[in-house]
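See below for the structure under consideration.
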Amino acid sequence: MAASELYTKFARVWIPDPEEVWKSAELLKDYKPGDKVLLLHLEDGKDLEYRLDPKTKELPHLRNPDILVGENDLTALSYLHEPAVLHNLRVRFIDSKLIYTYCGIVLVAINPYEQLPIYGEDIINAYSGQNMGDMDPHIFAVAEEAYKQMARDERNQSIIVSGESGAGKTVSAKYAMRYFATVSGSASEANVEEKVLASNPIMESIGNAKTTRNDNSSRFGKYIEIGFDKRYRIIGANMRTYLLEKSRVVFQAEEERNYHIFYQLCASANLPEFQVLRLGDANNFHYTNQGGSPVIEGVDDAKEMVHTRQACTLLGISESYQMGIFRILAGILHLGNVVFMSRDSDSCTIPPKHEPLSIFCDLMGVDFEEMCHWLCHRKLATATETYIKPISKLQATNARDALAKHIYAKLFNWIVDHVNQALHSAVKQHSFIGVLDIYGFETFEINSFEQFCINYANEKLQQQFNMHVFKLEQEEYMKEQIPWTLIDFYDNQPCINLIESKLGILDLLDEECKMPKGTDDTWAQKLYNTHLNKCALFEKPRLSNKAFIIQHFADKVEYQCEGFLEKNKDTVFEEQIKVLKSSKFKMLPELFQDDEKAISPTSATSSGRVPLTRIPSKPTKGRPGQTAKEHKKTVGHQFRNSLHLLMETLNATTPHYVRCIKPNDFKFPFTFDEKRAVQQLRACGVLETIRISAAGFPSRWTYQEFFSRYRVLMKQKDVLSDRKQTCKNVLEKLIVDKDKYQFGKTKIFFRAGQVAYLEKLRADKLRAACIRIQKTIRGWLLRKKYLRMRKAAITVQRYVRGYQARCYAKFLRRTKAATIIQKYWRMYVARRRYKITRTATIVLQSYLRGYLARNRYHKILREHKAVIIQKWVRGWLARTYYRRSIHAIIYLQCCFRRMMAKRELKKLKIEARSVERYKKLHIGMENKIMQLQRKVDEQNKDYKCLMEKLTNLEGIYNSETEKLRSDLERLQLSEEEAKIATGRVLSLQEEIAKLRKDLEQTQSEKKSIEERADRYKQETEQLVSNLKEENTLLKQEKETLNHRIVEQAKEMTETMEKKLVEETKQLELDLNDERLRYQNLLNEFSRLEERYDDLKEEMTLMVNVPKPGHKRTDSTHSSNESEYTFSSEIAESEDIPSRTEEPSEKKVPLDMSLFLKLQKRVTELEQEKQVMQDELDRKEEQVLRSKAKEEERPQIRGAELEYESLKRQELESENKKLKNELNELRKALSEKSAPEVTAPGAPAYRVLMEQLTSVSEELDVRKEEVLILRSQLVSQKEAIQPKNTMTDSTILLEDVQKMKDKGEIAQAYIGLKETNRSSAMDCHELNEDGELLLVYEGLKQANRLLESQLQSQKRSHENEAEALRGEIQSLKEENNRQQQLLAQNLQLPPEARIEASLQHEITRLTNENLDLMEQLEKQDKTVRKLKKQLKVFAKKIGELEVGQMENISPGQIIDEPIRPVNIPRKEKDFQGMLEYKKEDEQKLVKNLILELKPRGVAVNLIPGLPAYILFMCVRHADYLNDDQKVRSLLTSTINSIKKVLKKRGDDFETISFWLSNTCRFLHCLKQYSGEEGFMKHNTSRQNEHCLTNFDLAEYRQVLSDLAIQIYQQLVRVLENILQPMIVSGMLEHETIQGVSGVKPTGLRKRTSSIADEGTYTLDSILRQLNSFHSVMCQHGMDPELIKQVVKQMFYIVGAVTLNNLLLRKDMCSWSKGMQIRYNVSQLEEWLRDKNLMNSGAKETLEPLIQAAQLLQVKKKTDDDAEAICSMCNALTTAQIVKVLNLYTPVNEFEERVSVSFIRTIQMRLRDRKDSPQLLMDAKHIFPVTFPFNPSSLALETIQIPASLGLGFISRV
């Protein structure tokens, strides 16, 4: 296909742009050959006419399809050119925040200027062991490739890191070294890396300086060799330095600085120790003020000086040497201030007592006059004579500068040597990986000798790089057996020849330096004459005769000739060096000790950037001409030699390339400057790599990948069974030009642009298929819609027509009904109208007749009224006349009568004066009084009525009424008192008036009272109504408040529940953390234990002859115990001092000396206790034998038996007491929370002191008892035999028995044993006849009986007192409770009191009932326990009687047949115990543990059989009360299990088997421990099988720790099995075929997603899970433990899958999300099939599920962002952003995630508090728990199969 055919409408191209370098545009019409202009549409919306070059007719570069943008490897791009590379890097850097990109074999690293979370140890673990193309580009991938090739190919490697200053070279090198330090697995590599990193401040201070482009530019290169041993572990490092820019010491360009160390010295000049250096401000020195920029913004030189000195101290440079370095550097500064004065044109001088020179000489310890002389003179040696010649001022200045540069170079070399000494390792180096940190191509406005050397070195490195790339391409073509065609790539050998060949630039420069009067101008002319117009790479500037231009591989560079000769000569006078060598300052001659040695390649540097050459200053005696010859070597010559040595080193290794790019000059984070990027890409050779790749076949596909990708372009008939032939047939049809592709053995190779063409065909085919599918689907949808509408229309029509018919029928019915209704209605209306008319007529008639009648009546009535009115008017007129007449008559009569009365009055007045008159008057008065009396009586009646009324109305006037009555009665009695009668009448009248008035007042008051009463009633009613309203409101408020209270209570309850749930979750998390921490400690302890065992085995193998007398460690407390149980190995730590160096001691701030002393003391006490127990047993056996022989003393034997039972009980109680005390002591000592655990006053110290005090007191009591017994015994002994004394050790037997298991028993035993030792023989002589023993036994019995009685009385008294105290306390509590209830009841209403009292009575009775039930249960338990003890004691007594009969009876042989008779009887009722002999213990362990095959046991026998057998053996040892046997058996069991797991530690079946059996053994120890919490589910028979003598709680802890270790080992094994399957099965394999697309892979190999024969699939994972589950079920593992294992497996699957997803850009696509979700659904289905959905395994896959959902959801709008934030709650913010950044469309129909959308996500998630860690911890192990799971299996029913080889044990 012609290239011009791709330039069609809508094709996108790249056009040059002065600002953006390249700009994207779109064709508006097709291009036709011959067109001179392209019509383009830019992305900013503008249209452009792009004119083609009329000469070249070159079309603009085509743009890659969108699905190829952002590829990991630039060589995967279909179009390989500069704009495509630049755009791909920009998209990855800006949009995806990815700083690494492959470009073939080169890793391009762009400095983000921001700390990224992609360098943690989890990332290192993720890249470790991975292929380079499987993961996203990373510096760790390059380091892993180098490390892997070093181990695989046995060839040294080198990583070449290059780039501009500030591009991140040093950081990349540091991360590469960190990777090597992590994956190599050495214990000391971290120190090497830290020392190498610690050298950075030193090397930066003496080798870095400020330039115009970078404030911290490295002015030298370094090559660090990291050494490895045969096991490929880091053992050391070595640093080589190259290309030091010495000229910077004496000259700096404008805005630049000298090396940092000089400014650091000047900034620290005020320090006391620097006063002797006599320094000052940097502007005062010539060597530091030339650039005019002595300060770097944001950098404190004084603080940097502190860091430099700290780094020197860390690397072992002492303070004296540091001050020596600073003296030399200060001397260089003072030397630069030395001024020369001209005497004439050929000589100069230094002013006398010149201060700078004087300070220099003082600091250097040299003679002032001698140095002054040789600074102004030089020595010339001829064949016969030697001359001293003065030099000019210019020559002296140059010589001074050369001396300063030489001193600095020597000092630099000395510091590098000391750094290498610090990094050196004594172990022999097997191989190394070199890391070269060197600057890249440089071009400035003014380029001098330094830039020339740098670019010359980059030409050599680029040539090596091109040859390596070419070589790899050639190897790839040859491996695939495709026709080899010579690739035309840029060979920079002509440029190198121009520089280094004969008559080249360096050769001419050296020749000009030899000329006596050679100058830069003459050298420039020679260059022009030799190379101008003869070499195409050499040019002359138009406007200059002192410069030349070289066409380098990256760009043209113009060099200024000025200064080339002087810098190349770098003359140092020999006499000046001699003066420095004679210095009194010891360090200065050290710098020049190697001047007579040959030049070393390790010290090669440059002198513009001058090589660190050992410049000889003194000829040797044997060869006087050698020094001069060496001295004549120019800088250019030295530089060329050192460069050749560097290239030889690199060519001897396999190179790996890292090109660092500086994205902008302002250090802005994630800011991309296209101009600067393109400049660096051209300079570092990346574009040349692209060009080489593009010249060949850059795109490579495997046949399977090609078939999968372009299957859509094939027809069914084209698909053959042979994929290779199918691909060939299709390609021949699709691409006509066969030169565009080649077929290899496993791959198809395409030239540039062909993949894009195929992608275009594929997209067109898919688009056409989509259109066809859309067309068909749309037609089908429309036809379906039409049919649905037609069916709906018919249905509607049917219903409408039916409705219309029904409406018509209804109309007819209504019409007929209407007619009938009308008939009857009309009849009704006519009849009604007739009736109305008739009725109206009648009414009218009646009204008319009534009206006429009423008119007549009114007329008669009016006439009658008129008559009446007339009558009354006439009568009124007559009466009026009459009244007037009467009035006039009466008036006349009155006047007459008045006149007559007056006359009569006069007469009366005269008669009144006579006595007769008075009499007449008196008679009239009596009549009046009688009348008045009658009136009074009448009035009294009235008064009574009134009084009654008044009394009824108001009772306040009763007293006044009574008074009135009394007055009235007095008036009746005083009738005869005439004189006062009138007065009394008047008073009575007044009283009456007053009473009337009072009555009126009372009535008014009554009225007012009634009114007030009414008003009060109204007010009261109003108030009542108001109160009712208020009451109603209050009720409403009450209801509201109650409702609110209920709601608040509900809310509070919910809140409390939520809080409780949260706290519970937090407590569970804390508990899990503690479990995890504890189990990690166990894991670490196990690892250290295994390491210790390995070291011990190695030591055993190394030492062939075993040490005589070596004792094995006591197995009683062997290494199987956890870190919380004490081991006897600590007591023997003198033999193994390394045991005390446990990691826990570093972590726990504990006084370990006291801790170890206490441990040792406890161990000694246990050992002494064991010795005493053994001796006590022996003595008891002797006593029993002596008792058996005494036939005549059966009573003593019975008493002894009783005493033995009592003694055994006492021993058991004291043994338990001592164990509790030891547990308290261990618990107190094992507390690690505070550093003052063992300090005085601490809990451990107090517990220890209390126990020691109690033991000491009891020891004193025992001693007193011993003394009393001894005195009594001595008195009896004197009575029997006065001359002998008794000190037999049997005296101490019972006392020792009493003191058994006490802490100080050893001291008591030792003290008494010493007294017994001397008199043992006397005791035996004294006790020959046994009489003394009988006396002692009698006393002992009496004492024991008394003591037991006293103890029993004391115990009973204490128990009674305790019971009384408990009753008093309970009565007090009951009293308080009753008082509280009474107080509460008094506050309640009467009805509630009754209810509360009943409730309280019910509660009290219930509690009493419960108490009685508890007492009944306790009594039942006590009865059962007593019955059990009775059975045990009866059995033991029977055994003792049998033993005694055997010992006593002389006919023992006759009685022996009794035992065989009893054996069958016992076997009928087995006790669930197994008996074995002590010597068969190793055989038992060997057959049951060490040599047992789990597969046979799991298939044929009951699960957990070994655990049951071991426990039954333990039960028998417990039954025998043999603690040694119990301890030995448990210790041997644990050690044997550890040995089996160590031997077969990678066998899942073995580990699962012993995990199951260990848990079952642990459950048996709990189930039969006798503790109530573990006996709930036991049968009565199982309860009878509980342990009776020993508390094995500590061994339960040891077994629990062992189970944890086995579980962790099981997890590691299944992780190792699953690890290779997970990525392939969950991510790479296409479970749903055809969903995932395959994209071009580029040069890097990528694991194919197509399932081959050797790859793992999801079915492989499911089969493995089924295998794990079936094995665990067969072994009888607890279901809860199986759930925890499954949860851990699923966590590993989810974590590994998600981690790989986050590190692989090619996996982040929509189709891959579908594949992952399908795979997860298969795993969930597996869980459902196994009934494990409640195991928590599904929850561990939640992050992976959410990541898959995140790949598939919409990612455009804000709503989508909100949905993502709420959905992905199990993912961290970093993971969400990473997935969105990595999301890559596989097809053109998918869309990329925009940067704005990712920023929206980040803004919404900024408040989320989660871990910044990117990857999940795949090594995390959930804390395991072992829930108690009792067995229903009866021990007595267990049968031992013969296949186990345990015939030596018998059932009991």
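Glycine residues also receive a Cβ, built from the backbone N, Cα and C atoms like all the rest.
Curation does not apply to TrEMBL; its annotations are automatic.
Quick look at what TrEMBL annotates:
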type: BINDING; residues: Gly163, Glu164, Ser165, Gly166, Ala167, Gly168, Lys169, Thr170; note: ATP binding site
type: COILED; residues: 915-1105; note: coiled coil
type: COILED; residues: 1155-1231; note: coiled coil
type: COILED; residues: 1336-1436; note: coiled coil
type: COMPBIAS; residues: 1116-1130; note: compositional bias 'Polar residues'
type: COMPBIAS; residues: 1136-1147; note: compositional bias 'Basic and acidic residues'
type: DOMAIN; residues: 69-763; note: domain 'Myosin motor'
type: DOMAIN; residues: 1531-1807; note: domain 'Dilute'
type: REGION; residues: 599-634; note: region 'Disordered'
type: REGION; residues: 643-665; note: region 'Actin-binding'
type: REGION; residues: 1106-1147; note: region 'Disordered'
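Other Cβ atoms within 10 Å of the Cβ of Glu164 (ATP binding site), summed over all protein chains shown, number 24. Under a cutoff of 8 A between CB atoms, and with a sequence separation of 6+ in the same chain, the neighbours of Thr170 (ATP binding site) are Asn200, Ser218, Asp437. Counting only same-chain residues six or more apart in sequence, the Cβ atoms lying under 8 angstroms from the Cβ of Ser165 (ATP binding site) belong to Thr211, Arg213, Asn214, Asn216, Ser217, Ser218, Tyr439.
Remark: of the binding-site residues Gly163, Gly166, Gly168, the most isolated position is Gly166 (fewest other Cβ atoms within 10 Å of its Cβ). Here the region 'Actin-binding' (643-665) has a mean pLDDT of 88 out of 100. Cβ neighbours within 10 Å of Ala167 (ATP binding site), excluding its own Cβ and spanning all shown chains: 24. Packing around Lys169 (ATP binding site) is summarised by its Cβ count: 27 other Cβ atoms lie within 10 angstroms of its Cβ, all protein chains included. In the region 'Actin-binding' (643-665), the DSSP tally of helix, strand and coil residues is 9 helix, 8 strand, 6 coil.
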